[in-house]
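A.B. asks: Before I ask anything, let me first share the structure, which is written out below as structure tokens.
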């Protein structure tokens, strides 16, 4: 009953159980944090706006993005993935989400920032619906923990629109 | 030395009744593992509730050897979610983030484009030839939880099968020689 193997087995089982329990508690502790992030996005310039050879509208724009996401970070946060998506509705599609820009924030110290960037990914529509289109810019964040459950949420900013004619 | 001697003795002293008990307890271990796996499949609604990250395309979020817990619900797929998808002609599922979604008004069908956080471009190069978008049926689940490092066990076992056999052998020997 008290051989070396049994003791080793008992010790290992106990260690793994405690480790698993600590992971669960660490993940649960994230729920205690109630974040209050803020963000603002301005469209500074429409660089160009045209119809692709294949027939879909494509636009290139420059944005000013400023955000304060410090409250998203807890001791169990490995990184926060953020992205800005243009979201709009067309006659054919009930929802279009096009990611324009994204970034990985590795530490709390860098979670209050200001950046000017043109769209990193192509803003292409699923058709020819972008002229004069009103759309929302949404800042999404995805909190990736050191262990446990992942969290995601967003801030929707509305009232952006594209020009009536191609540039 | 005494330990080896004991082991040999205990193998010699096996009786039929003891052998049966051990066979049953071994069977219990295997079936309970199976029960847990199948129960997880039911709860999460995903074909494979747990996946091991095999590539570095989602670094630094997910590293090779990390484990992801999947959930497959009826909820529509939205940008930013990390989904696990199968591509026709590829055996191993891929875990990447959704960056574009176009959802049809009438049928509710979705066109989805994904990208690995650590990759430079989107995933169109990984899709089947000529495939532009992923659809609902390609997607096996979305990642909801994360556990680091644990997946290394399976990576090591698939890449170095000898370790798997040694481990199974040792465990089998332990079960046979245990005196409970």
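Backbone N, Cα and C atoms are what each Cβ position is placed from, and that goes for glycine too.
TrEMBL: automatically predicted annotations, no manual curation.
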A.B. asks: Looking at B:20-40, B:41-61, which stretch does TrEMBL describe as transmembrane segment?
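C.D. replies: Within the set B:20-40, B:41-61, TrEMBL attaches transmembrane segment to B:20-40.
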A.B. asks: Same chain only, please: residues at least 6 beyond the ends of the transmembrane segment (B:20-40) with a C-beta under 8 Å from a C-beta of the stretch. Say none if there are none.
C.D. replies: 49-50, 172, 175-176, 178
A.B. asks: Give me the DSSP three-state residue breakdown of the domain 'Peptidase S24/S26A/S26B/S26C' (B:36-114), ordered helix, strand, coil.
C.D. replies: 9 helix, 28 strand, 42 coil
